[in-house]
Amino acid sequence: MSNLTVGCLANATVCEGASCVAPESNFNAILSVVLSTVLTILLALVMFSMGCNVEIKKFLGHIRRPWGIFIGFLCQFGIMPLTGFVLAVAFGIMPIQAVVVLIMGCCPGGTASNILAYWVDGDMDLSVSMTTCSTLLALGMMPLCLYVYTKMWVDSGTIVIPYDNIGTSLVALVVPVSIGMFVNHKWPQKAKIILKVGSIAGAVLIVLIAVVGGILYQSAWIIEPKLWIIGTIFPMAGYSLGFFLARIAGQPWYRCRTVALETGMQNTQLCSTIVQLSFSPEDLTYVFTFPLIYSIFQIAFAAIFLGIYVAYRKCHGKNDAEFPDIKDTKTEPESSFHQMNGGFQPE
């Protein structure tokens, strides 16, 4: 583990060769607690507003006939761990670095995907149901995927899965979204106003999280170039593979966009927690910043994705044919199966 040449900071407390970990200052510690609390509250409010765009009937339709969710499951716990494994082997990174890349690939989808799904006119009902199900299934799928893919480098038993954090994430997602769904059911006009405000707040929140992460962990920015490259390729691969798999499965374009975002947008906060619980300070020197790098590039590529879609919309307008629920009621309706799930049948 000594093949990195990083100059030690003057205030480093843990050093090994030419590598070091700087202690967290009191200011950073206080700032971290305050901002974590504020961001958690803001995230709950944003998810409440996103729930205001979810219809109970359609949401339950995805649960009863979970074809879209099944595609998302294949992407989340099939494509992402495998992609992480391929990247780790291809770049020949250190074992501990390979494990962290795989931890990222095995994490469930992040809530930011719900916000972005709204901005790209995705299927919000599918987005929320996919995020909820992937977080719930992560309780079993994360240990399984880590066991399968990491055993060539480490004993998977040394990796600590924070089940309490996963449970907290699930509650923080389900409760505000459920309240939002109720508001949308009872007061649809008010829900539209809440949604508009929340969507703007959500965009600001995504940028704020990235900026805060950069401030809090600026002492760990010196990291091996290979991890920067992997952190760049990984989210883009997730978005692309998720989109193409959904399209191959016969999903309409707006659901392909949704599945793509749900696949590439990982829960980086959960990954950071697992890394901190599983590795010593000396080991963190080599890997601690990777979740932040992934977070930055997943947001950057999502922003590019959004920009391309907005430009396309301005040139061609919204294609109403891909949104069954807003078609003229005089036209012959699609089958309820296709309306709810898109199935595996082509358009």
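Numbers here mean position along the shown chain, with the first residue as 1.
Cβ atoms here come from the backbone N, Cα and C positions, even for glycine.
Some features that Swiss-Prot has for this protein:
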TOPO_DOM  1-29  topological domain 'Extracellular'
CARBOHYD  ASN3  N-linked glycosylation site
CARBOHYD  ASN11  N-linked glycosylation site
TRANSMEM  30-50  transmembrane segment
TOPO_DOM  51-83  topological domain 'Cytoplasmic'
TRANSMEM  84-104  transmembrane segment
TOPO_DOM  105-127  topological domain 'Extracellular'
TRANSMEM  128-148  transmembrane segment
TOPO_DOM  149-158  topological domain 'Cytoplasmic'
TRANSMEM  159-179  transmembrane segment
TOPO_DOM  180-196  topological domain 'Extracellular'
TRANSMEM  197-217  transmembrane segment
TOPO_DOM  218-225  topological domain 'Cytoplasmic'
TRANSMEM  226-246  transmembrane segment
TOPO_DOM  247-289  topological domain 'Extracellular'
TRANSMEM  290-310  transmembrane segment
TOPO_DOM  311-347  topological domain 'Cytoplasmic'
COMPBIAS  323-335  compositional bias 'Basic and acidic residues'
REGION    323-347  region 'Disordered'
MOD_RES   SER336  phosphoserine
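Counting Cβ pairs closer than 8 Å and at least 6 residues apart in sequence, the transmembrane segment (226-246) and the transmembrane segment (290-310) reach three or more and so form a contact. Residue counts for the topological domain 'Extracellular' (247-289) under DSSP, split into helix (H, G, I), strand (E, B) and coil, are 32 helix, 1 strand, 10 coil.
Among residues of the same chain six or more beyond the topological domain 'Extracellular' (105-127), those with a C-beta under 8 A of the stretch's C-beta atoms are 43, 46-47, 50, 53-55, 58-59, 61-62, 68-69, 72, 76-77, 80-85, 134-135, 137-138, 141-142, 145-146, 149, 166, 169, 172-173, 195, 199, 202-203, 205-206, 209, 234, 254-255, 257-259, 261-263, 265-271, 274, 299, 302, 305-306, 309, 313, 318, 323. Sequence-distant contacts of the topological domain 'Cytoplasmic' (51-83) (same chain, six or more residues past either end, CB-CB distance under 8 Å): 102, 105-106, 108-109, 118, 123-126, 128-130, 133-134, 137, 141, 145, 148-149, 176-181, 183-185, 191-192, 194-195, 198, 234, 237-238, 241-242, 245-246, 249, 251, 255, 259, 262-263, 266, 325, 336-337, 339-344. Computed over the topological domain 'Extracellular' (180-196), the whole-number mean pLDDT of the model equals 88. Taken residue by residue, the topological domain 'Extracellular' (105-127) breaks down under DSSP into 14 helix, 1 strand, 8 coil. Taking DSSP states H, G and I as helix and E and B as strand, the topological domain 'Extracellular' (180-196) has 16 helix, 0 strand, 1 coil.
Long-range neighbours of the topological domain 'Cytoplasmic' (149-158) within the same chain, counting only residues 6 or more positions beyond its ends whose Cβ lies under 8 Å from a Cβ of the stretch, are 81-82, 84-85, 95-96, 98-99, 102, 105-106, 143, 278.
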